[in-house]
Amino acid sequence: MGGGERYNIPDPQSRNASKNQQQHNRQKTKDQNSQMKIVHKKKERGHGYNPSAVQNGGKTKSLSNNSNWNASLSSPSLLFKSQASQNYAGAKFSEPPSPSVLPKPPSHWVHVSLNPSDKETMTFQLKTLLKVQV
């Protein structure tokens, strides 16, 4: 109850002035951001300022490049020919791995004295469990 709290009561005119200033600053920031976005988009598209294009009356020399590009696209098999000739060294997932590659189970997991019929049953059960539904 001792020290009373002090409240700063702002002058209503200065409050309105600061609001107007804030709005003005926000508008400036928005304008600057929109200009930056436009410049950035132009750079992404590759339409930056080109003085030679202005001198040529807006005509660019990209027409000769486009004809080369279209010629290479007319035969897409040429694009993928080098990739198709390369062999993939990894495992093919459509084929099951060979048993020699698979790790051996610990000796305490499998009872050593199994009958051949029990082995066949276990093999069949394991294969049905490991089958991948396509």
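Backbone N, Cα and C atoms are what each Cβ position is placed from, and that goes for glycine too.
As written in Swiss-Prot, here are the features:
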type: COMPBIAS; residues: 11-24; note: compositional bias 'Polar residues'
type: COMPBIAS; residues: 52-61; note: compositional bias 'Polar residues'
type: COMPBIAS; residues: 62-74; note: compositional bias 'Low complexity'
type: REGION; residues: 1-74; note: region 'Disordered'
type: MOTIF; residues: 94-100; note: motif 'SH3-binding'
Tally of DSSP helical, extended and coil residues in the motif 'SH3-binding' (94-100): 0 helix, 0 strand, 7 coil
Overall pLDDT of the motif 'SH3-binding' (94-100), taken as the mean: 81
